[in-house]
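S.K.: Feature table excerpt (TrEMBL):
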SIGNAL    1-23  signal peptide
DOMAIN    36-333  domain 'Plant heme peroxidase family profile'
DISULFID  46-122  disulfide bond
SITE      73  site 'Transition state stabilizer'
ACT_SITE  77  active site, proton acceptor
BINDING   78, 81, 83, 85, 87, 96  Ca(2+) 1 binding site
DISULFID  79-84  disulfide bond
DISULFID  128-329  disulfide bond
BINDING   168  substrate binding site
BINDING   198  heme b binding site
BINDING   199, 250, 258  Ca(2+) 2 binding site
DISULFID  205-237  disulfide bond
């Protein structure tokens with residue numbers, strides 16, 4: 001009788017442990033402390049997560065092509081402030097969205113729609129941070145770029161403060177850019193490759209106009225710019241024109257994810273000073289030449305961009321008790 005009771009106790013204990021483990025495996029918020037994102041994280045708990053995000057992003061890019069570079073830029077701005085935790089998505093007074101560099105971000109509606117659809121299919125499972133990370137990859141693919149496998153399993157951050165938004169600037173010297181990227185565990189190859197994302201998108205005229213009319217107070221354009229490129233930007237961004245008007249970051253190919261931007265950097269035909277100076281530094285110039293196949297060993301831009309995006313997407317991610325899964329991306333639970 002005693003032996004039978006012992007066996008029964010062992011069996012019941014085993015079943016309880018199995019049930020607890022199963023419940024934990026099926027819970028969207030149960031993630032081991034310190035667990036890193038990985039490819040295939042959601043498994044059967046949300047089987048269609050990637051296809052749902054992809055379809056929503058595709059629809060929004062088709063309705064407004066500016067959403068593609070907008071979402072890519074949003075992911076960068078998210079990761080460089082408090083890590084890749086979706087905090088840039090939170091709306092409200094004095095949140096990251098209200099900071100100067102983020103006021104021109106676009107694509108929020110796509111992320112929120114994807115979240116709504118995922119909450120209907122697998123509620124409480126997929127974080128907004130993961131949705132934004134997937135959407136950035138999809139934006140690249142939709143504009144002709146190469147895809148990559150996205151590690152998933154981030155949690156959403158609970159803090160979003162405008163005062164935290166300190167990002168690399170449009171007039172930064174190369175050494176400043178290297179330091180900013182190194183502070184986020186990204187090397188110089190990552191720097192050049194990720195800046196190569198400027199192959200799609202635009203910049204506000206207010207950010208670039210000074211270089212094309214009154215560089216360093218000289219009353220003349222920056223002499224390092226290709227002279228034939230100057231009147232093109234001046235026409236788009238008149239000296240007394242609308243500062244919010246936009247100019248292409250990659251002249252002639254702003255809607256295609258390709259190496260045209262890197263060729264334009266080489267030819268001094270880019271709008272941002274922080275882009276132009278990459279050709280003046282021996283280390284960054286050598287990387288550009290390798291990405292363009294002009295120096296051996298050559299590098300494949302598409303593959304390197306995917307690699308660097310994965311590295312960036314793992315900056316200071318929230319796991320375990322560090323974060324949450326928001327039910328609405330624009331609001332903290």
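Residue 1 is the first one shown; counting continues down the chain.
Note: Cβ is positioned from N, Cα and C throughout, glycine not excepted.
Here the structure is a predicted model, which means the values were calculated and not measured.
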S.K.: For residue 84 (disulfide bond), find which of the recorded positions 77, 78, 198, 258 come within 10 Å, Cα to Cα.
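M.R.: 77, 78, listed in sequence order.
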S.K.: By CA-CA distance, flag whichever of 46, 73, 128, 205, 250 among the recorded positions is nearest to residue 81 (Ca(2+) 1 binding site).
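M.R.: Result: the closest of the recorded positions to residue 81 (Ca(2+) 1 binding site) is 73.
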S.K.: Taking the mean position of the Cβ atoms of 199, 250, 258 as the Ca(2+) 2 site, which residues outside that list, in the same chain, have a Cβ no more than 8 Å away, listed in sequence order?
M.R.: 196, 198, 200, 253, 254, 256, 257, 259, 260, 261, 262
S.K.: Identify all same-chain residues not among 78, 81, 83, 85, 87, 96 whose C-beta atom falls within 8 angstroms of the centroid of the Ca(2+) 1 site's C-beta atoms; report them in sequence order.
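M.R.: So the extra residues in range turn out to be 77, 79, 80, 82, 84, 86, 88, 157, 160, 164.
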S.K.: Tell me which of the recorded positions 46, 78, 85, 122, 205 ends up closest to residue 199 (Ca(2+) 2 binding site) in space, Cα to Cα.
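M.R.: Nearest in space to residue 199 (Ca(2+) 2 binding site), counting only the recorded positions, is 205.
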S.K.: Taking Cα atoms as reference points, which of the recorded positions 46, 78, 168, 198 is nearest to residue 237 (disulfide bond)?
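M.R.: The answer is 198.
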S.K.: Please work out the number of neighbouring Cβ atoms within 10 Å of the Cβ of residue 84 (disulfide bond), leaving out its own Cβ.
M.R.: 27
S.K.: How many Å lie between the Cα of the residue listed as 'active site, proton acceptor' and the Cα of residue 85 (Ca(2+) 1 binding site)?
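M.R.: The residue listed as 'active site, proton acceptor' to residue 85 (Ca(2+) 1 binding site), Cα-Cα distance: 11 Å.
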S.K.: Among the recorded positions 46, 79, 128, 198, 205, 250, report those whose Cα falls within 10 Å of that of residue 85 (Ca(2+) 1 binding site); none is a fine answer.
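M.R.: Near residue 85 (Ca(2+) 1 binding site) by Cα: 79, 128.
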S.K.: Taking the domain 'Plant heme peroxidase family profile' (36-333) alone, what is its mean pLDDT?
M.R.: 97
